[in-house]
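Visitor: Have a look at this one.
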Amino acid sequence: MASVVSSASHDAAILAASAKHPTVPQVYKYGTAGFRMNADLLDGVTFRVGLLASLRSRNKSSTAIGVMITASHNPAVDNGVKIVDPLGDMLEQEWEQYATALVNAKSDEELVRIYNKLATDQKIDLTAKAKVIYGRDTRPSGHTLVAALADALDATNTQHVDYKILTTPQLHYLVRATNTEGKPITYGKVSEEGYYEKLAEAFVRALQGRKIQGTLQVDCANGVGGPKLAEFLKYVPKDKVDFDVKVVNDDVLRPEVLNLDCGADFVKTKQRAPPNPKPEPGLRCCSLDGDADRLIYYWTDPDTGFFMLDGDRIASLAAWFISELIESAGLRDSLNIGVVQTAYANGGSTNFITRHLNIPVVCTATGVKHLHHVAQQFDIGVYFEANGHGTVLFSADARKAFKQAQPQSPGQKDAMEILASLADLINQTVGDAISDMLLVEAILAHKNWTLRDWAQTYRDLPNRLVRVEVGDKDLFQTYDSERRLSHPEGAQDEIDGAVKKYSEARAFARASGTENACRVYAEAASHAQANELADRVARIVERYGSTSQ
Ligand code: G16
């Protein structure tokens, strides 16, 4: 009876609140990273995401669910909204379709019907407590979207906490920390400060007194990473670690410069350093993206130009370092390690990891949500997308082994201590550019390597990534972890025909899940061939993507 009464009161409250947050009629889809589009279209979408988040919390025994408002690498005029599950990972995929159904409801009444049907189908008690915590990036549109979200949470009697401006990984951290508070294994203090303290403390332990060489210039894409990195640096104890960081592109007061000619996506897709400030030759540089979950390293050289160390390089560096530590710790027989990549991974990196490091590699569809779940199948799962988005997951068994195994030598003890510190340093919920940057810095310090030393570990195949505007990107459907097109019919045959003309070549096309466009990737034996192949495939995609074809 209680739930009937509650459902009726929910209905009235949702109807009243929803009337203030209409959606603009069009087809919406929960994509690679939630709903992402021009911010003007997102008010009603965000309201409805709030409804779903409240249901999800009640469905998950009243644990806290996260909602992040960000469009990450997209232009400043866009925004986005995505849901974070109780352990800080992305929303379970089955629920993405429920989000899509709620957001596409054609009227407030239909919205309430779908909401109630979902509650009934999932046996959700609408009188149970619900909690949602949320944050947003620096986009001005985030203000009103947060208000729409709060209206949905109030209408559904959901307790909510507004963490205001955060990096995406910080929100993921806070969700897990909230849900593990007071448990035998906690994730960290439930505050932004707790996040900085955890990282800084683990960074000091991971370094074991090793020196970090020279200055690191960090381009923050004029996004939330700028102020948050500056804040983090205050927590690094100067007497223990000499970490000379120059923070650039940290202007969050002019929203229009967000991701403009800077940031990890610019560096990766343009394959060049941000023009401003021009990096000094040889300086160790890295770029974060607009919400600080991607990381790309690079340096410039007067003779050889620009050299980039992307997500594939970070994955191979991390897998190499950690597998050496596992060996030194005497844990090789008890813990397995694997690497997860997507079709964008450079063939050079996959060869290096499988043949030289002898570590298995699994390929998944694009989107960290896919990689994360596969990585969980290993004791140590290293996952990175080539665009610099990724992390390393440690299983409960692995963490236990690092802390409890009895070291037989000082070398084993050191290795176990570093492994234990890495399990704290590396964000266990999602890719985190600040945490990944500390990981890279710690590894380079241990190996006493420059970026040039790191770059020499293997040779990348020349490659090119192209963004292609098409009439209807949804015409492009893929299989085989997005490496092949099933639709439009005939397109894959033409791509295969183009690939055959080049040596050591590979190419694929897929619809983006965060932008209204298709992406084409090509690699081949030379830069000229990779560029030519990418152009050919882009033209095929353009032709098949125009609805008039
Ligand atoms: C998001 C996802 C990433 C994905 C990227 C591009 O990144 O979290 O996993 O690689 O979008 O996806 P797509 O090619 O489908 O547009 P971010 O950093 O924008 O949140």
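Every residue, even glycine, has its Cβ placed from backbone N, Cα and C.
Okay, these came from TrEMBL:
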- Ser72: active site, phosphoserine intermediate (ACT_SITE)
- Ser72, Asp289, Asp291, Asp293: Mg(2+) binding site (BINDING)
- Glu385, Ala386, Asn387, Arg510, Ala511, Ser512, Gly513, Thr514, Arg519: substrate binding site (BINDING)
- 62-106: domain 'Alpha-D-phosphohexomutase alpha/beta/alpha' (DOMAIN)
- 127-182: domain 'Alpha-D-phosphohexomutase alpha/beta/alpha' (DOMAIN)
- 207-295: domain 'Phosphoacetylglucosamine mutase AMG1' (DOMAIN)
- 310-449: domain 'Phosphoacetylglucosamine mutase AMG1' (DOMAIN)
- 465-539: domain 'Alpha-D-phosphohexomutase C-terminal' (DOMAIN)
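Burial and contacts for the listed features, if you can.
Guide: According to DSSP, Ser72 (active site, phosphoserine intermediate) sits in a coil region rather than a helix or strand. Counting every protein chain shown, the Cβ of Ser72 (active site, phosphoserine intermediate) has 29 other Cβ atoms within 10 Å.
DSSP assigns Asp291 (Mg(2+) binding site) to coil, not to a helix or a strand. Every protein chain shown contributes to the tally, and the Cβ of Asp291 (Mg(2+) binding site) ends up with 34 other Cβ atoms within 10 Å.
For Ala511 (substrate binding site), the same-chain residues that are 6 or more apart in sequence and have a Cβ closer than 8 Å to its Cβ are Lys473, Asp474, Phe476, Gln477, Thr478, Ala517, Cys518, Arg519.
Regional average pLDDT for the domain 'Alpha-D-phosphohexomutase alpha/beta/alpha' (62-106) in the model is 97.
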Visitor: Which residues of the same chain, at least 6 past either end of the domain 'Alpha-D-phosphohexomutase alpha/beta/alpha' (62-106), have a Cβ under 8 Å from a Cβ in it?
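Guide: Distant Cβ neighbours of the domain 'Alpha-D-phosphohexomutase alpha/beta/alpha' (62-106) are 23, 25, 27-30, 33-39, 42, 44-46, 48-56, 113-115, 118, 128-137, 139, 141-142, 145-146, 149, 166, 168, 171-176, 178-179, 187, 221, 255-260, 263-265, 289-291, 293-294, 368-369, 372-373, 428-430, 514-515.
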Visitor: Least buried of the binding-site residues Asp289, Asp293, Glu385, going by other Cβ atoms within 10 Å?
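Guide: Fewest other Cβ atoms within 10 Å, among the binding-site residues Asp289, Asp293, Glu385, is found for Glu385.
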Visitor: Expressed to the nearest Å, what is the distance separating Gly513 (substrate binding site) and Asp293 (Mg(2+) binding site) at their Cα atoms?
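Guide: Gly513 (substrate binding site) to Asp293 (Mg(2+) binding site), Cα-Cα distance: 17 Å.
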Visitor: In sequence order, what residues of the same chain, 6+ apart, have a Cβ less than 8 Å from the Cβ of Asn387 (substrate binding site)?
Guide: Ala264, Asp265, Lys268, Arg294, Ile296, Asp310, Gly311, Tyr344
Visitor: By a 10 A CB contact count over all chains shown, which of the binding-site residues listed here is most packed: Gly513, Arg519?
Guide: Arg519
Visitor: Whole-number Å distance between the CA of Asp291 (Mg(2+) binding site) and the CA of Ser72 (active site, phosphoserine intermediate)?
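Guide: Taking the Cα atoms only, Asp291 (Mg(2+) binding site) lies 5 Å from Ser72 (active site, phosphoserine intermediate).
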Visitor: Beyond the listed site residues Ser72, Asp289, Asp291, Asp293, identify every same-chain residue whose Cβ lies within 8 Å of the center of their Cβ atoms for the Mg(2+) site.
Guide: Thr70, His73, Asp137, Thr167, Thr168, Gly223, Ala264, Leu288, Gly290, Ala292, Arg294, His389, Ala433
